[in-house]
Amino acid sequence: MGRIFTRRKCPVLILVLIIATIPCIYCDIRLSTHDLSLKLNQKAQVLLEVSNITSNAELEFIVQHKDIVKISPFLVNLTNVKDSLTINVLAIGAGHSEVYANATGSISVDKVYLRVTIRKIDWLDNISLAIGWIYFVAWSISFYPQIYDNWKRKSVVGLNFDFLALNLIGFTLYGIFNLGLYFIPEIQKEYFARYPRGLNPVQVNDIVFAVHAALATILTITQCYLYERAEQRVSITARCILGAFGAFLLICIVLAATDVIHWLDFLYYCSYVKLTITLIKYIPQAYMNYRRKSTVGWSIGNIFLDFTGGSLSMLQMILNGYNYDDWMSIFGDITKFGLGLFSVAFDIFFMLQHYVFYRNFIYELS
């Protein structure tokens, strides 16, 4: 008797479950936009688009930083909404804030979110944009003074090969990270699954810079085979370091191919190796200059352009920190700012080597 009762109840239970999931399946709620850029005290409007509501439900907006953004109405009865409802957004403080929502019942609100960026001063934002393009150009052309000097001297004596090897691997890995995250759909899906409200951090200029930097480094290495180089070669220390990086990345590739880690994680590991290379790549050249007591063969033009790019990059971060009241972008992500500061510090050291410590030797050669 108990078995018969259970069998008769099963279709009823299935029907109840199907009916219960109808609101979740057919209901569609979304915002007309997911990104707003506002000036302090500026108002904006977005549309809450609603369709196929089949049950009573309420939606509540939740603001990440209530001292930055004000939303009205923050509580919405969805059954009273016909097609769309205007949502008012008021910028009450500088910074960044996310707005998301909760709803009663089984209604999905995955498409109801808003990223709001609020600035203090418009013209400061324009200056920051201009600075960004200037340091992009400075860094992009910083490779060519060295290439020109090598061509003019028909010699690469004085240019450290460890620096070139580390630079090539670093920019290649940087290019792999940017190209993978920008062009490969599977990796993009992994990224947005991990950061559902995030934006792709890779822009076209990142790809252009990485590919151009790698090609410029390859051109410089080609000059090392064409011009006088004396007894210079990549040191055993550098080979061991690069071998360790290669073994680490090979293990990561195997782990990603066997689904132990995601391919997105592999790209992150590539970026970590690139950051490590940035920290150490200048040391061989600085030490070589010290041993030779000369900077002949090492282009000072490259240093000036790199110094310009690094200084403006940090200046942009400081301006954005003030304009968006977002100092955590500097102190919360000290790696990016620290790497810029580290590179600028080495540039200053190279200038001291060139103009102070070993200037007499340079003058004797001339």
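Yeah, the Cβs are placed from backbone N, Cα and C, and that goes for glycine too.
Quick look at what TrEMBL lists:
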type	residues	note
TRANSMEM	12-31	transmembrane segment
TRANSMEM	127-144	transmembrane segment
TRANSMEM	164-184	transmembrane segment
TRANSMEM	207-228	transmembrane segment
TRANSMEM	240-260	transmembrane segment
TRANSMEM	266-284	transmembrane segment
TRANSMEM	296-319	transmembrane segment
TRANSMEM	339-358	transmembrane segment
Can you tell me which recorded stretch out of 127-144, 207-228, 339-358 has the most Cβ pairs within less than 8 Å of the transmembrane segment (164-184)?
207-228
Going through 207-228, 266-284, 296-319, 339-358 one by one, which has the most CB pairs that fall under 8 Å from the transmembrane segment (240-260)?
266-284
As a test: from 127-144, 207-228, 266-284, 339-358, pick the stretch that has the greatest number of Cβ pairs under 8 Å with the transmembrane segment (296-319).
127-144
